[in-house]
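J.: Mind having a look at this structure? Questions to follow.
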């Protein structure tokens, strides 16, 4: 009997996130021997030692830190860049817009590529290009060149964000994934936070061009570490290598097959994969939760790009001192990952046990409500302490709780996507990344005008009011998400 175009698998979690459509796996007359992992197989990424797994996580997490770090590292030097390149501050902010938007577009291409050629080669090629692009950024003779180089950098730098979730899913079981994912997710969060801190020191002491020379050096070290220590985790590629070795050793071409083997033309596979994220984005749970993430990213970049005028003009801080203020949300990230994120797995496992051992994607969402409360609360707090020129510590304290809220929303949402779409989770993550990056890149362009017209109090409160409106989403999806997913199910 012929196999369906979309076969069901008994172990969906073992399948990569953007799984290819499988070929005939033995039914219908395929007599080839099956190549697979066996118990205790040292080549199976899920059976690697924890040390080997964490080396991979560390390298991709560092890639995921460095690309967002590059997105915000130059913000303390916006005025210096504008003066040096004979332009205005608004145009310089366009460097961030191009970079952040490409951080969203990149995953739409890089995720499918990793499903075709493997994770490792895509990581290494893209991050090598990302590293080299820092050199022309440092040498930019005009703002047009800088914007172009930054935009290209954003595309190739998105590789860690595009494939990090897939790599972690390749290596870790669902019951332990949220905790590991929390540490990896620190990259996209800490990057924009630490960037201005380091950038402030570099700009004040060495000048803005040295931002990109420093990035070149650090990224080169990260890329070199990848060449030596990053291992392939994508199951079809590993099984393909095993299949080829067996056939070569036995001089028996086409003797073996593996589950999920896909012999379709490359063009066909890529077109099919690239069409999936838009379909998933239209699903209510993805559309609404991606809107939530987009709001957070837009708010974050709007505040980060205006920290310098807020604290230099109103509080008299130096560039270095402004950079240190970004430790507020950074400490919030670390607090959340250390103390709260592990509880996501705890709650998930407990609810699964209470449900007769049957898990549901919605079991990832209860702790998202922490973020739903902290995000608007901290934004109102920050807005009005800045508006009334309260002590700087009062406003920075608000950013700590904002950081905690960010982690709880982003971590629970990403895990909700993975559990909801199983082997298609990378498409869901890519769709959400596109939405939030477009929003995160565009909103900071209009934020200065909004703050000028409304003031920081009401201007930042606009973001807070929107976050209040969307705050019930995790609670609604916890109770009704399963029915919504069934009602709006589409062929993926």
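We count from 1, first residue shown onward.
In case you wondered, yes, glycine gets a Cβ from its N, Cα and C as well.
In case it helps, TrEMBL gives these features for our protein:
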- 1-12: compositional bias 'Basic and acidic residues' (COMPBIAS)
- 1-44: region 'Disordered' (REGION)
- 29-44: compositional bias 'Basic and acidic residues' (COMPBIAS)
- 54-71: transmembrane segment (TRANSMEM)
- 56-485: domain 'Major facilitator superfamily (MFS) profile' (DOMAIN)
- 91-109: transmembrane segment (TRANSMEM)
- 121-139: transmembrane segment (TRANSMEM)
- 145-168: transmembrane segment (TRANSMEM)
- 180-204: transmembrane segment (TRANSMEM)
- 210-230: transmembrane segment (TRANSMEM)
- 280-304: transmembrane segment (TRANSMEM)
- 324-342: transmembrane segment (TRANSMEM)
- 363-384: transmembrane segment (TRANSMEM)
- 390-412: transmembrane segment (TRANSMEM)
- 424-446: transmembrane segment (TRANSMEM)
- 458-480: transmembrane segment (TRANSMEM)
J.: Counting only residues 6 or more past its boundaries, what in the same chain has a CB within less than 8 Å of a CB in the transmembrane segment (363-384)?
T.: 178, 296, 299, 303, 340, 343-344, 347-348, 351-352, 355, 395, 397-402, 404-409, 412-413, 415-416, 419, 456-461, 463-465, 467-468, 471-475, 477-478, 481
J.: Could you please provide the mean pLDDT value for the domain 'Major facilitator superfamily (MFS) profile' (56-485)?
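T.: Mean pLDDT across the domain 'Major facilitator superfamily (MFS) profile' (56-485) comes out at 87.
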J.: Counting CB pairs under 8 Å, which listed stretch among 91-109, 180-204, 324-342 touches the transmembrane segment (54-71) the most?
T.: 180-204
J.: What parts of the chain pack near the transmembrane segment (424-446), using Cβ distances under 8 Å and only residues at least 6 beyond its ends?
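T.: Contacts with the transmembrane segment (424-446): 16-19, 90, 93-94, 96-105, 107-108, 111, 115, 158, 161-163, 165-166, 169, 273, 276-278, 280-281, 283, 286, 289-291, 293-302, 305, 413-414, 417-418, 492.
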J.: Based on DSSP, tally up the residues of the compositional bias 'Basic and acidic residues' (29-44) by helix, strand and coil.
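T.: Going by DSSP assignments, the compositional bias 'Basic and acidic residues' (29-44) contains 0 helix, 3 strand, 13 coil.
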J.: What residues in the same chain, six or more past the boundaries of the transmembrane segment (390-412), come closer than 8 Å to it by Cβ-Cβ distance?
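T.: Contacts with the transmembrane segment (390-412): 178, 181-182, 185, 188-189, 193, 292-293, 296, 300, 303, 311, 315, 317, 325, 328-333, 335-337, 340-341, 344, 364-365, 367-368, 370-375, 377-379, 381-382, 474.
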J.: Look over the recorded stretches 91-109, 280-304, 324-342, 458-480 and say which has the most C-beta pairs under 8 A to the transmembrane segment (180-204).
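T.: Answer, by Cβ pair count: 324-342.
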J.: Could you tell me what the rest of the chain brings near the transmembrane segment (91-109), counting residues at least six beyond its ends with Cβ under 8 Å?
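T.: Counting only partners 6 or more residues beyond its ends, the transmembrane segment (91-109) has Cβ contacts under 8 Å with 67-68, 70-72, 74-75, 78, 81-82, 85, 143, 146-148, 150-159, 161-163, 274, 277, 297, 301, 305, 429-430, 433-438, 440-442, 444-445, 448.
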